[in-house]
């Protein structure tokens, strides 16, 4: 009974074969093992077949040997990349794939048949993809006292991808660890929060993204700025603008003042005083033969003008006496007002006597006013 049970277990194992799991990186070469002892007695009846069941459950034939022929171009995806690794007739029916692609991942089955005997072996192939080069970014303003987030992410690669941040030592004595007040987001390991930035936080930071296939990294520089320096720059710019405006205003005022003074100087000679008093009399050249009589007429006219009203005096003073032509002497005398449109009349002896009497009786102040 025990011998029968041992034979049954041996037959079951030999029939179903073993399960093997292999991990390889994409673009590399892999060999899937499959060994048998069924080809030595009778080689003409030997059949070898490799099958692939992908992650979606679809099954396809990869390579076969039958009737002394090898068929290895059965699928378009693996055409020219699959072959038997060794002498399959001697008992090594291992499959070789080069180069590997992510689509090669799945469950491979090696089936060997000869004269009614079967050997099965199963290999689970996992194709690992290296992380793509991550992209390092900064979120926030790198100013003193603020918080800054370092972001790192790979677009492709076999999960899980592990991210690791560190500082790059640029000078002797610099620490490679992150600043003390740094927090890692465990829900998103590619994010690191730098809290309460100081000038010591400035430097070069490196992010490394890695998995079982390999790793890639990126770097980003953090330069912490003083908040005061930003305020000083803003104040300096404001001061420059205000100074420029002030200078422009002063220049404009000076130009305006000069223009006003020039305008006043040009208009000053043309001013006319409206309150100036009109001339009372005009000197003319009388003839020598009638100088005595004109003096008498002048005195008589002055006497008559004294008794007239103020309006007639103004009209009389504005009149002008025309000079007499053909005079030989150069003597001058005061002439009185003339009535428009009429010749001055000669004073009578009686009239002159009355005028002299009137002048003698007038106060001295009045006489002085009349003789002006």
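Just so you know, glycine gets a Cβ as well, placed from its N, Cα and C.
The structure displayed is predicted, hence computed values, not measured ones.
Feature annotations, reproduced from Swiss-Prot:
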- 18-126: domain 'Ig-like C2-type 1' (DOMAIN)
- 34-110: disulfide bond (DISULFID)
- 73: N-linked glycosylation site (CARBOHYD)
- 134-223: domain 'Ig-like C2-type 2' (DOMAIN)
- 152-207: disulfide bond (DISULFID)
- 196: N-linked glycosylation site (CARBOHYD)
- 235-255: transmembrane segment (TRANSMEM)
- 263-280: compositional bias 'Basic and acidic residues' (COMPBIAS)
- 263-372: region 'Disordered' (REGION)
- 287-313: compositional bias 'Low complexity' (COMPBIAS)
- 352-361: compositional bias 'Low complexity' (COMPBIAS)
- 362-372: compositional bias 'Polar residues' (COMPBIAS)
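Structure with Swiss-Prot features highlighted.
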residue: 34; record: disulfide bond; DSSP class: coil
residue: 73; record: N-linked glycosylation site; DSSP class: coil
residue: 110; record: disulfide bond; DSSP class: strand
residue: 152; record: disulfide bond; DSSP class: strand
residue: 196; record: N-linked glycosylation site; DSSP class: coil
residue: 207; record: disulfide bond; DSSP class: strand
In chain order, residues whose C-beta lies under 8 angstroms from the C-beta of residue 34 (disulfide bond), counting only those at least six residues away in the same chain, are 48, 50, 92, 93, 94, 95, 110, 112, 121, 123
Helix, strand and coil residue totals from DSSP for the domain 'Ig-like C2-type 2' (134-223) stand at 3 helix, 42 strand, 45 coil
Tertiary neighbours of residue 207 (disulfide bond) (same chain, Cβ under 8 Å, six or more apart): 134, 136, 150, 152, 163, 164, 165, 190, 217, 218, 219, 220
Between the Cα atoms of residue 196 (N-linked glycosylation site) and residue 73 (N-linked glycosylation site), find the distance and write it as a whole number of Å. 63
Mean predicted confidence [pLDDT] for the domain 'Ig-like C2-type 1' (18-126): 90
